[in-house]
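As recorded in Swiss-Prot:
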type: ACT_SITE; residues: D13; note: active site, proton acceptor
type: ACT_SITE; residues: H41; note: active site, proton donor
type: BINDING; residues: 12-18, 40-42, R304, 330-332, 412-414; note: GTP binding site
type: BINDING; residues: D13, G40; note: Mg(2+) binding site
type: BINDING; residues: D13, E14, G15, K16, N38, A39, G40, H41, T128, R142, Q223, T238, R302; note: IMP binding site
type: BINDING; residues: V298, T299, T300, G301, R302, A303, R304; note: substrate binding site
Amino acid sequence: MPALVLIGAQWGDEGKGKATDLLGGAVDYVVRYQGGNNAGHTVVIGAESYALHLIPSGVLRTDCVPVIGNGVVIDPGVLLSEMDGLQARGVDVSRLLISADAHLIMPHHRALDRVTERYLGKARIGTTGRGIGPAYGDKVARTGIRVQDLLDPGIFRQKLELALREKNQVLTKVYNRRRIEVDEVVEEYAAYAERLTPHIADTGLLLDTALREGKVVLLEGSQGTLLDVDHGTYPFVTSSNPTAGYAATGAGIGPTRINRVIGIIKAYTTRVGAGPFPTELDDKVGEELRRIGGEFGVTTGRARRTGWFDAVIARYAVRVNGLTDLFLTKLDVLSGFDTVPVCVGYEINGQRTDEMPMTQTEFHHAKPIYVELPGWHEDISGVTRFADLPEAAQAYVATLEEMAGAPVSAVGVGPGRAQTLVINELI
């Protein structure tokens, strides 16, 4: 069986956890392929809500194997805390597999992330301060420490000593911060190694074998398309590639194994942190969207910026990711509006464009061009068939589909597992 990819089609927080959980019942493996604990998924099952940061949402399905791929950067302390929290709630985490090739977030990564962000002042990007960027930086610089190094204490110490020789110079002499002691880190990470060793595996080989045997593999991205380090609103982006092109690399499988790419997209738009946001609503309407939609970060708790649906970035996401399907979430949040504006293009320096601007300078100056669509006032959270939605809601979905250029195959009308209207089967 081929693999399928699930990605965020906006600035993250689109509802990927809900989508992954829904599809999890039909897949054998769910693989996280990039990012770190700087993002979060929320999955609601009945009266229970689960916030996941590193562990793939598939862990909540007993017949599904959750995998953390080689493209992820892992803070082992955070991972173990998340595992313990799930275990305490009766969730079996023994099936979790971790790629030996994934990189570790170290104490010096967190320290440098926090102090650098403070040093930048008003020019700061708005990172979570969890060390993700510095960890990816060391990976590219070939000075990183990987999960497999936990299996060899001698190699781990050798790599750590080499890393801290430089990092401590920066921390103490540039930022006037305390040096990080090798022995303390070795002791801390040895305890992590003891607990994580049973979960470490050659996950790329395992997944390729599973695909050859006809198993279904779901590749789950974190964050969103507009936060991609190459294709996002740089420099206000994450340090990895959430887009579909990285899914195979970050999971350790060949790209020809993938035949479907599903983009998760909200019925409106949100963003966390700094950076351009053409449709942002800095008014009472924006506050209302935030309140009704519960728009606060799973990882940071920060209030999300809110705005109307942006068809320009939707088209961009379809193009950059090669999306075959859209999964529209939070349609229920828009109930109660007389009309719902949708951004169909931008005005930049007096000129109209319907496509993503080539430069970030242009994007910063983009003014949204709206069309007003009829709204609806009915509560749609209990609707179980797309055909039973109010006509205006159906028309809204159809319009977004046409503007984005990809079929809407599922619609979320609430946070629960059962609150999803499937239009086209995704698996």
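Even glycines carry a Cβ here, placed using N, Cα and C.
Taking the features listed in Swiss-Prot, we show where each one sits on the structure.
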residue	record	DSSP class
D13	active site, proton acceptor	coil
K18	GTP binding site	helix
G40	Mg(2+) binding site	coil
Q223	IMP binding site	coil
G301	substrate binding site	coil
V413	GTP binding site	coil
Drop a 10 Å sphere on every Cβ of the binding-site residues N38, T42, T128, Q223 and tell me which sphere holds the fewest other Cβ atoms. T42
Which whole-number value in Å describes the distance between the Cα atoms of V413 (GTP binding site) and D13 (active site, proton acceptor)? 16
Where among the binding-site residues A303, L331 do you find the Cβ with the fewest other Cβ atoms within 10 Å? A303
What is the total of other Cβ atoms whose distance to the Cβ of G12 (GTP binding site) is within 10 Å? 28
List only the single closest residue to R304 (substrate binding site), chosen from the recorded positions D13, K18, N38, G40, H41 by CA-CA distance. D13
Out of the recorded positions N38, H41, T128, Q223, G301, give me the one sitting nearest to K18 (GTP binding site) by CA distance. H41
If you count other C-beta atoms within 10 angstroms, which of the binding-site residues G15, G40, G301 is the most crowded? G15
Taking Cα-Cα distance, which of the binding-site residues T128, Q223, G301, R302, A303 are within 10 Å of T42 (GTP binding site)? none
Where does T128 (IMP binding site) sit in DSSP terms: helix, strand, or coil? coil
Taking the Cα atoms as reference points, how far is A303 (substrate binding site) from Q223 (IMP binding site) in Å? 16
Restricting to the record's IMP-binding residues (D13, E14, G15, K16, N38, A39, G40, H41, T128, R142, Q223, T238, R302), give me the longest CA-CA distance in Å as a whole number. 34
Candidates N38, H41, Q223, R302 (recorded positions) - the one closest to G15 (GTP binding site) by CA: H41
Please classify the secondary structure at L331 (GTP binding site) using three-state DSSP. helix
Shortest C-alpha distance to Q223 (IMP binding site) - which of the recorded positions G12, D13, G40, H41, L331: G12
Cβ atoms near R304 (substrate binding site) (within 10 Å, other residues, all chains): 22
